[in-house]
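Novice: Here it is: the structure, laid out below.
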Amino acid sequence: MFKEAKLALEDGTIIRGEAFGSETVKTGEVVFATGMTGYVESLTDPSYRGQILMPTYPLQGNYGVTEEWYQSDGIKAEGLIVREMCPAPSHSLSEKTLPEFLEEYGIPGIAGVDTRALTIKIRDKGTMKGALATEEIDDDELLEMAVKQPDITEIDLVDMVCVREPVILNEDASGRVVIVDCGIKRNSIDALLEKDLGVVIVPYTTSPAEIMDYEPDGLLISSGPGDPTRVRDAIDTVKALSERLPIFGICLGQQIIALAFGARIYKMKFGHRGVNQPVKDLRSGTVSITSQNHGFTVDPDSVKGTDIEITQLNLNDGTPEGIEHRELPVFSVQYHPEAGPGPHDTVNIFDRLWMF
């Protein structure tokens with residue numbers, strides 16, 4: 001039975017389609033992600049908190065859902081926009097359908113949308129605030145919700161997705177990495193555990209002294225959602241520990257490291273989200289295909305005169321994809337070397353943290 005869903009954008013556009021998932025209304029920043037697969041990993045990626053996700057590939061849900069692919073403890077995106085929803089998934093590991101998955105976590109979905117046209121609109125005008133309704137609501141009321149919601153730069157999204165208490169894994173390992181959790185993905189944790197490292201995951205508000213009590217051999221500043229300037233505690237941690245520990249940053253972690261050493265960050269027009277972003281290493285000349293999910297990036301001009309340098313660039317738009325301190329063992333990447341979803345071209349970068 002067809003049930004209408006509506007998506008309102010802050011520019012006044014109302015898009016109608018077929019509802020699936022939970023019967024509710026959600027607001028968020030409407031973003032698109034490129035890639036033919038990976039909807040489970042993307043929906044459960046904490047970096048999508050505060051955002052309504054639109055995959056550009058037209059068919060979604062065709063291989064179902066299994067918890068094995070989760071990148072956190074559940075869906076973190078606010079909603080899902082698709083061209084076509086597959087009603088009968090086929091995969092040996094599938095435990096539930098995509099609509100059932102969304103309903104389980106109270107998330108609305110809309111199908112039958114011209115996602116190509118909406119992607120072009122966002123590409124040309126930039127990301128927009130939106131409101132997605134799968135329950136009855138007046139168009140004007142829905143549009144008002146889209147327009148009046150706080151900007152993503154005004155919300156402490158990291159606080160919504162980080163751990164509340166420290167988590168210790170593989171405690172008896174000979175080496176130990178502390179993860180400053182801003183929205184860590186499971187694949188990042190697994191990448192460290194596969195190196196037989198001990199892992200301690202702490203809230204981003206944990207003080208430098210408390211971190212050092214764990215006697216770590218290295219520090220990982222994790223990926224996560226939102227505006228890095230709001231994660232002041234993590235910035236201060238990098239400043240305090242950069243001369244005492246090797247530090248590695250992923251995605252939001254790169255932005256936090258850049259801010260700690262005096263560079264600036266800016267919000268991108270529509271960001272990088274997907275599994276096919278080409279990145280060039282400026283030292284080796286090699287090019288890797290990477291998985292990315294970020295709406296902020298380092299201002300390359302602001303790096304001049306600081307103690308950090310740009311080591312990798314995005315080949316699509318020239319934005320910084322890697323930075324490194326000129327003297328200290330501090331480095332970072334803007335992409336996701338752990339994949340989940342996406343290619344594993346750069347997963348060996350975790351080895352470098354241990355080499356330090």
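Just so you know, glycine gets a Cβ as well, placed from its N, Cα and C.
Note that the structure is a prediction, hence the values are computed from the model and not measured.
Per Swiss-Prot, the features are:
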type	residues	note
REGION	1-176	region 'CPSase'
BINDING	SER47, GLY224, GLY226, LEU252, GLN255, ASN293, GLY295, PHE296	L-glutamine binding site
DOMAIN	176-356	domain 'Glutamine amidotransferase type-1'
ACT_SITE	CYS251	active site, nucleophile
ACT_SITE	HIS336	active site
ACT_SITE	GLU338	active site
Novice: Among GLY226, LEU252, GLN255, GLY295, these being the binding-site residues, pick the one whose CA is nearest to that of HIS336 (active site).
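Specialist: The answer is LEU252.
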Novice: For the recorded L-glutamine site formed by SER47, GLY224, GLY226, LEU252, GLN255, ASN293, GLY295, PHE296, name the remaining residues of the chain with Cβ within 8 Å of the site's Cβ center, in chain order.
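Specialist: Output for this site, in sequence order: GLY183, SER223, PRO225, ASP227, PRO228, CYS251, HIS294.
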Novice: What does the structure give for the C-alpha distance between GLY224 (L-glutamine binding site) and GLU338 (active site)? Integer Å is fine.
Specialist: 14
Novice: What is the average pLDDT across the region 'CPSase' (1-176)?
Specialist: 97
Novice: By a simple count of other Cβ atoms within 10 Å, which of GLN255, ASN293, the binding-site residues in the record, is least packed?
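Specialist: Candidates: the binding-site residues GLN255, ASN293. Fewest Cβ atoms within 10 Å: ASN293.
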Novice: On the Cα atoms of SER47, GLY224, GLY226, LEU252, GLN255, ASN293, GLY295, PHE296, which are listed as binding L-glutamine, what is the maximum pairwise distance in Å?
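Specialist: The L-glutamine-binding residues span at most 14 Å between Cα atoms.
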Novice: Using Cα coordinates, what distance in whole Å links SER47 (L-glutamine binding site) and GLU338 (active site)?
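Specialist: SER47 (L-glutamine binding site) to GLU338 (active site), Cα-Cα distance: 14 Å.
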Novice: If you count CB neighbours within 10 Å, which one among the binding-site residues GLY224, GLY226, GLY295 has the smallest count?
Specialist: GLY295
Novice: Please determine which of the recorded positions listed here (SER47, LEU252, HIS336, GLU338) has the lowest count of neighbouring CB atoms within 10 Å.
Specialist: GLU338
